[in-house]
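Per TrEMBL, the features are:
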BINDING   ASP343, ASP345, ASP434  Mg(2+) binding site
DOMAIN    32-124  domain 'BRCT'
REGION    1-22  region 'Disordered'
Amino acid sequence: MDPLRAVHLGPRKKRPKQMGTSAASTLHDIRFQDLVLFILEKKMGSTRRAFLMDLARRKGFRVENELSDSVTHIVAENNSGTDVLEWLQEQNIKATSELELLDISWLIECMGAGKPVEMTGKHQLLVRGSSPSPIPVSEMKTPPLAVRKISQYACQRRTTLNNCNHIFTDAFEILAENYEFRENEGSCLAFMRAASVLKSLPFPVISMKDTEGIPCLGDKVKCVIEGIIEDGESSEVKAVLNDERYKSFKLFTSVFGVGLKTAEKWFRMGFRTLSTIKSDETLKFTRMQKAGFLYYEDLVSCVNRVEAEAVSVLVQEAVAHFLPDALVTMTGGFRRGKMIGHDVDFLITSPGAAEEEEQQLLHQVTNLWKQKELLLYCDHIESTFEKFKLPSRKVDALDHFQKCFLILKLPHQRVDTDRSSQHEGKGWKAIRVDLVMCPYERRAFALLGWTGSRQFERDLRRYATHERKMMLDNHALYDKTKANSPALPRRMFLEAESEEEIFAHLGLDYIEPQERNA
Ligand code: DCT
Ligand code: MG
């Protein structure tokens with residue numbers, strides 16, 4: 001049951017005119033000048049009306065606090081056209097034929113699309129006598145198609161960066177992070193899955209009714225959603241953001257090389273700021289942490305796409321110098337279309353390289369950068385890849401490919417924007433870069449694994465295991481259903497030349513990288 005409606009459906013005092021309950025519409029940019037909306041409070045309630053008005057304004061719609069001549073669209077919920085007309089009469093307002101009377105489902109679709117959508121019969125409120133058999137709008141409404149078919153697996157959902165449920169997913173991500181800091185893996189995963197599923201919805205959740213039929217929303221999650229719908233914010237999130245432990249862990253783990261164990265140690269020792277940690281002479285730092293502190297400001301400021309492209313050129317040039325046939329692909333968040341990231345990830349593979357040449361490449365590339373004084377930090381991990389090793393059961397396991405974790409010096413003149421040419425100071429920015437080298441025949445698996453998102457990868461593996469009795473990781477896809485056949489073990493490894501083929505082996509519709517932002 002929707003508690004909001006339960007509260008507001010009872011008899012209420014009539015008001016001559018509806019007064020605004022939210023901030024003025026001028027706080028947000030108006031993107032659709034031709035539309036002037038008015039949301040009817042009747043049968044909706046003031047809290048929900050205020051919530052919807054705010055949401056619509058955030059999306060660029062002009063929403064009036066009060067009904068005036070400039071209003072072009074009246075949006076109502078649980079009201080027929082006749083009900084709205086009667087209400088207008090009570091207010092001594094005459095409805096003109098230009099005035100659109102619409103059901104809330106229209107506005108919800110508009111907000112989901114981020115722009116006004118076409119008004120069709122299912123949105124237009126019916127007035128008694130205007131059609132041979134008027135159907136109450138409330139009875140015509142069916143849950144959005146997407147709601148009925150949402151999979152619990154992110155790899156069966158299309159999740160673009162157009163997230164219309166930020167208000168909820170931001171909250172869930174903070175709560176998940178807090179559970180991670182407290183090593184409560186179950187609750188952490190529950191909130192991450194909930195965030196992931198809401199990111200895939202083509203509409204904003206505005207009432208508890210909208211959450212019906214959506215998987216991965218447990219009681220705890222629903223409680224947070226309800227709090228946000230009712231109060232516009234979650235008291236739990238507010239408490240976390242003020243929590244000493246959360247604030248300290250967030251700060252400490254923002255340093256490259258600092259994980260949960262170190263954060264815990266520093267927190268227990270009573271540290272609360274980075275400056276006191278840096279200046280403490282009893283503490284020993286790893287090489288990674290030293291670099292983390294040294295380039296802290298640059299590294300926390302995130303990498304934008306222009307910088308990522310500039311790094312890409314650096315990588316392409318260096319790789320081509322040693323292996324001209326090598327293929328370099330930017331992976332991670334940037335391949336999924338993100339505009340910023342915490343690092344830039346690259347996958348490198350070469351169709352013609354001998355094993356020895358392949359093994360040498362990352363060392364040659366980093367040596368070259370060292371000579372050019374572009375290498376600020378470098379950690380090589382040698383390959384432990386074996387052709388017939390079974391895929392890992394752990395969903396978050398690091399893969400066996402050769403790789404290096406770097407901090408590169410990106411000279412400002414390599415970043416081709418007007419803005420950057422005005423940079424002052426040291427003339428470069430420290431950027432985190434990951435390079436991965438994989439055997440050519442495994443490039444599709446490596447590409448799929450390194451494109452992410454993490455939640456998408458986790459669910460791909462979970463799906464393979466639970467729904468297909470297969471094992472998937474960044475190296476291979478192994479079909480366990482063939483394990484009892486007399487075929488050689490290598491037959492159970494399914495080959496793939498492209499990501500599309502891996503999805504096909506798994507019986508999944510192909511999901512584009514831009515749709516993997518789960
Ligand atoms: N990855 C994975 N398992 C891990 C680590 C990474 O599957 N244990 C995959 C998922 C994303 C990709 O590698 C790159 O990792 P990140 O750079 O951490 O993620 P990102 O999506 O690129 O995020 P950001 O934009 O913050 O860099
Ligand atoms: Mg990344």
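The backbone N, Cα and C atoms fix where each Cβ goes, glycine too.
Of the listed binding-site residues, namely ASP343, ASP345, ASP434, the sparsest Cβ surroundings within 10 Å are found at ASP434. Report note: the Mg(2+) site is defined by ASP343, ASP345, ASP434, and the residues of the same chain whose CB lies within 8 Å of the CB centroid of those residues, excluding them, are THR331, GLY332, GLY341, VAL344, PHE346, PHE405, ARG432, VAL433, LEU435. Residue counts for the domain 'BRCT' (32-124) under DSSP, split into helix (H, G, I), strand (E, B) and coil, are 33 helix, 16 strand, 44 coil. Taken together, the residues in the domain 'BRCT' (32-124) have a mean pLDDT of 87 on the 0 to 100 scale.
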